[in-house]
Amino acid sequence: MKRSIIAGVGAYLPSTVVSNDELAKRVDTSDAWIRERTGIEQRYLATADESCAFMAARAAERALAHAGMTADDVDAILVATSTPDQVFPAVAVRVQALLGAKRGFGFDLSAACSGFVYGLSMGDALIRSGQAKGVLVIGAEVFSRLLDWDDRRTNVLFGDGAGAAFLRASTDNDDPARGILSTHLHSEGEFGDILFIDGANGVAGHPGTIVMNGREVFRHAVGKMAQAVEEAMAANDLTPADIDWLVPHQANLRIIEAMGKKLDLPPEKVVVTVNRHANTSAASIPLALNEAVQDGRIQPGSVVLMEALGGGLTWGSAILRM
């Protein structure tokens, strides 16, 4: 059976960096208040010229270059985002045009902060089914355009950016143990009102801003993500000792640390970027993955575990061997 191999990764972060101290000049907060509650020190915010599609395309170009591939090798483009530039066409087809890709197809998927894990699952399914040989999975967000700048419960948490992974079908020359081992997706709609955007493009004059019950999100996050991680390990007969790296959704340092402890993983096995990137929603996992690959922490053969929870509620996990 064909497996999906992550052949390349890439990322794009906006040109504007905003520290906590700079943010405190705009809203009623402080560096100490933000760090204590979230672990965030700064975030990247998109300029007017840095659209969701632009950032997604830049990340995709870098992932293709890292994989030694070109736009001609792309059969499908999947973009996980909650902040598309327009209702339609999809960000994915805008990316297709920006890359100069002439074949295949693209679509967006909306699973909030779980989006990249959902995208990996869809991309993996396309490759396993034989419908595609090369798939770009991208997480891209411009949450700064949906923030209520008077609500410090949310406006200190989020940042903008994009991360991408190029999946290719395995060949006879590949190590049969390499690739995406399994993905596990969940949702529970009854909790949709604890994290949402209170509007939509279809609501005249009200595109919406983020609304969040932080305590409830925290309460669900650790338990549900741990369940998804344990499910992934059990499906592959693995234990925490077999995991080389945990690449979690970068929402809050306290949640990340709690996840590591719950899984008995030492801090040095957990990739953390939330301090510099803040919460970039669907972009957070691929941004963190890219950093750990590029700096040499994640090597070929590394067993990598990903997990995320987002509005919906949606949550899930993916486990793979690089």
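Any Cβ shown, glycine's included, is placed from N, Cα and C.
Between the stretches 70-74, 250-254, 295-299, Swiss-Prot puts its region 'ACP-binding' entry on 250-254.
Computed over the region 'ACP-binding' (250-254), the whole-number mean pLDDT of the model equals 94.
Counting other Cβ atoms within 10 Å of each Cβ, the active-site residues H249, N279 show the lowest value at N279. Less than 8 angstroms from the CB of C113 (active site) sit H249, A251, N279, S281, A282, S284, A308, L309, G310, G311, T314, each of them six or more residues away in the same chain. Secondary structure from DSSP puts C113 (active site) in a helix.
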